[in-house]
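Trainee: Provided herewith is a single structure, encoded as C-alpha cells, for subsequent inquiry.
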Amino acid sequence: MNPNQKIITIGSVSLGLVVLNILLHIVSITITVLVLPGNGNSGNCNETIIREYNETVRIEKVTQRHNTNVIEYIERPESDHFMNNTEPLCDAKGFAPFSKDNGIRIGSRGHIFVIREPFVSCSPTECRTFFLTQGSLLNDKHSNGTVKDRSPYRTLMSVEIGQSPNVYQARFEAVAWSATACHDGKKWMTIGVTGPDAKAVAVVHYGGIPTDVINSWAGNILRTQESSCTCIQGECYWVMTDGPANRQAQYRVFKAKQGKIIGQTEISFNGGHIEECSCYPNEGKVECVCRDNWTGTNRPVLVISSDLSYRVGYLCAGLPSDTPRGEDSQFTGSCTSPMGNQGYGVKGFGFRQGNDVWMGRTISRTSRSGFEILKIRNGWTQNSKEQIKKQVVVDNLNWSGYSGSFTLPVELTKRNCLVPCFWVEMIRGKPEEKTIWTSSSSIVMCGVEHEIADWSWHDGAILPFDIDKM
C-alpha cells in the first residue's frame, strides 16, 4: 500500500468512527427525551441534600435535568413560635464545663480577634459566644493600646459556642463598645452602644437589621449589660445605665418585641448604683444581679415583671461577691443598702435557688484573679453566711475578670426547667502583664445534678507574644 492509500484508509476509518459516535449520541438523546417521559417520568430527579460547610449547615436543593445539576441555596428555616422561658431554674448541685475557647493561646499564631467582654446567649437551636472586638488581631501592630474601653473600631461579633473568636467563623452583629444580645425563639436581637461619650447611641438589631435606637438621656457614657438580655414569651428585656461610674447615675429597663421598643421604665435607686447586670428568666420574671461601682461590695439585685414593675435592692447574703472587697468575717450583708464601702468593682452574677443563692466571685479580694462559685443557704432572702457548697473554676494563681449568667432553654435540653449557666472571662495583657495589648478568653459552665471537683480551667497563654518584643 502506497502512502496515499494509507492516508485515505486512515481518514476513512476516522470519519466512520466520528459518524458512529454522533449516531450513538442521537440515539441516547432520543431515548432520554422521548422514551423516558412516555413512561410517566418527568425527566427531572429532584432531591434535597443537606451538606455541612465550614461548620455551618447549608441546605441545597439539587435538580438534575438531562445530566445537568441545578443547585439552589435555601436559607435555614426560622422557628414560627417564640420561646416561653417561664419555667423555673433547674436545681444545680454543681457546674460542669460546657466550653472553653482558648482564643489567646491560639492567637499567638492564628488569626484571632483582640476582644473583651465575651458572653454567651442561646437560641432554641444553638448557643453563641458574643464578644466586643477591638478591630484588630492578636500579635499584630493594631493591638497596641487595646486596653482602652471605647473606640470607633469596636464591634460586637459572635461565633458558635466553643469556637475561638477567629476571623473565619465570626459573624458581625453590631458596631459597639457596649452590648447585649438574646434570642426570642424566632430571631436574634442585639443592642450595640457606640458613639461619643456625651451622645452615645444604642442601636437595636433584629434578625441582623437595625430596627430601633436609644439615644443617651444623661449624656454620660450610655452603657448596657455586657451579657445576655432576657426574652420571655416574645418580649425581651435589658437594663441600661447612663451617668457617673462612681456616684449616683440613672438606670432604665427596656422591653422590645421583634426589635421594636414597646416599653421602658426608670429605676429609682437613690444611694445605690447599678451597672452591667447579669440577668436570666425565672418563673416568668427577669432576675438580675448587677455591679455597684460606687460603694457596695454586695451586688444590686433587680427583679423585673412583664409589666415593667420591679423590685430593687441588694443581694442579702452575708458574704460579699464584688472585687475589691473586705474580709468575709467583717461583712454583715444587707438586702436594701450598699455595704463594704469599696469603690470600683467587676461584673458578676448570681442565681436564685428558692431562698438560696449561687454567687460567683474572684478568689482574690483585691484583684481580678481566681474564680469560685458559692451556694449560700437562704442567701437570697437573709444575711446568711452559711456556705452549702463551693466550687473553684480558676485558681488564684491565674487571672480572671468579668463573669455573667445565661440559661439553656427547654428547647435545647428537653427538660421542664431552665438550666443555669455562667461564663468567666480570663483577661490577659495590660494592665497586669507586660504586653502592648489587652484581650481575654473564657470558660463556660452549666448546672448539673452532681457535684463537680475543683480545678483550674485558666487561660494558659504564654506571654509576651512576638509583637510585644519589638
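Heads up, the Cβ atoms here are built off N, Cα and C, so glycines get one too.
What Swiss-Prot records for this protein is below:
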type     : residues               : note
ACT_SITE : Asp149                 : active site, proton donor/acceptor
ACT_SITE : Tyr402                 : active site, nucleophile
BINDING  : Asp292, Gly296, Asp322 : Ca(2+) binding site
DISULFID : Cys90-Cys417           : disulfide bond
DISULFID : Cys122-Cys127          : disulfide bond
DISULFID : Cys182-Cys229          : disulfide bond
DISULFID : Cys231-Cys236          : disulfide bond
DISULFID : Cys277-Cys290          : disulfide bond
DISULFID : Cys279-Cys288          : disulfide bond
DISULFID : Cys316-Cys335          : disulfide bond
DISULFID : Cys421-Cys446          : disulfide bond
REGION   : 32-86                  : region 'Hypervariable stalk region'
REGION   : 89-470                 : region 'Head of neuraminidase'
TOPO_DOM : 1-14                   : topological domain 'Intravirion'
TOPO_DOM : 36-470                 : topological domain 'Virion surface'
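Are these features on the surface or tucked inside, and what touches them?
Mentor: Its Cβ taken as reference, Asp149 (active site, proton donor/acceptor) is surrounded by 15 other Cβ atoms within 10 Å in the chains shown.
Applying an 8 A CB threshold to same-chain residues 6+ apart, the list for Tyr402 (active site, nucleophile) reads Glu117, Glu226, Glu276, Val346, Lys347, Gly348, Val424, Glu425, Ile427. Taken residue by residue with DSSP, Tyr402 (active site, nucleophile) is part of neither helix nor strand, so it is coil.
Listed in sequence order, the residues of the same chain lying 6 or more apart from Asp322 (Ca(2+) binding site) and placing their CB within less than 8 Å of its CB are Arg291, Asp292, Gly296, Thr297, Asn298, Arg299, Gly340, Gln342, Gly345, Val346, Gly348, Arg361. The secondary structure of Asp322 (Ca(2+) binding site), as reduced to three states from DSSP, is coil rather than helix or strand.
Cys90 (disulfide bond) carries neither a helix nor a strand DSSP state and counts as coil.
With a 10 A radius on its CB, Cys127 (disulfide bond) counts 22 other CB atoms from all the protein chains.
Within 10 Å of the Cβ of Cys182 (disulfide bond) there are 27 other Cβ atoms, across all protein chains.
Under the DSSP three-state reduction, Cys231 (disulfide bond) is assigned to strand.
Less than 8 angstroms from the CB of Cys290 (disulfide bond) sit Val239, Ile274, Glu275, Glu276, Cys277, Ser278, Arg299, Pro300, Val301, Leu302, each of them six or more residues away in the same chain.
DSSP classifies Cys288 (disulfide bond) as strand under the three-state reduction. For Cys288 (disulfide bond), the same-chain residues lying six or more positions away in sequence with a CB closer than 8 A to its CB are Val239, Cys277, Ser278, Cys279, Tyr280, Val301, Leu302, Val303, Ile304.
Sequence-distant neighbours of Cys316 (disulfide bond): residues of the same chain at least 6 apart with a C-beta under 8 Å from its C-beta are Gly333, Ser334, Cys335, Asn378, Gly379, Trp380, Thr381, Gln382, Asn383, Ser384.
Cys421 (disulfide bond): 26 other CB atoms within 10 A of its CB, across all protein chains.
Residues belonging to the region 'Hypervariable stalk region' (32-86) score a mean pLDDT of 55 in the model.
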Trainee: Compile a sequence-ordered list of residues in the same chain as Cys122 (disulfide bond), six or more apart from it, whose Cβ lies below 8 A from its Cβ; state 'none' when nothing qualifies.
Mentor: Arg128, His183, Ser228, Phe406, Thr407, Leu408, Pro409, Leu412
Trainee: Could you state the CA-to-CA distance between Cys417 (disulfide bond) and Cys446 (disulfide bond) to the nearest Å?
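Mentor: Spelling it out, the Cα of Cys417 (disulfide bond) and the Cα of Cys446 (disulfide bond) are 13 Å apart.
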Trainee: Measure from the Cα of Cys229 (disulfide bond) to the Cα of every one of the recorded positions Cys90, Asp149, Cys236, Cys446, then give the nearest.
Mentor: Cys236
Trainee: Sorry to bug you, but what's the C-alpha spacing from Cys90 (disulfide bond) to Cys236 (disulfide bond), rounded to the closest Å?
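Mentor: About 21 Å separates the two Cα atoms.
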Trainee: Rounded to an integer, what is the Cα-Cα distance in Å between Cys90 (disulfide bond) and Asp149 (active site, proton donor/acceptor)?
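Mentor: Cys90 (disulfide bond) to Asp149 (active site, proton donor/acceptor), Cα-Cα distance: 35 Å.
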